[in-house]
Amino acid sequence: MAKGQSLQDPFLNALRKERIPVSIYLINGIKLQGQIESFDQFVILLKSTSPSLKNTICQVIYKHAVSTVVPSRAVSSSPHHAPPLQKPEDDGS
């Protein structure tokens, strides 16, 4: 596995397992929204529901076209996230 995959896979897997809604921005500026259904080395399968059409669609998104993946909330189960920074204690000086 490539070194770059070591952060990407656990992050995407946590988004998938927790069914966290995401916004995926493509390099051409298009914003896609939905939940990550699956992914592999090259693609992300994004599941979206259209309220106006009352149906669910799945889109295959090639990773080389992705600029940014933005979760709608914090990801809790990613093992690569560092613990939150703590404020230094006041030593009274």
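Using N, Cα and C of the backbone, Cβ positions are placed for all residues, glycine too.
Here is what Swiss-Prot says about this protein:
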type: DOMAIN; residues: 9-75; note: domain 'Sm'
type: REGION; residues: 73-93; note: region 'Disordered'
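Mean pLDDT for the domain 'Sm' (9-75) in this predicted model: 95. In the domain 'Sm' (9-75), the DSSP tally of helix, strand and coil residues is 12 helix, 37 strand, 18 coil.
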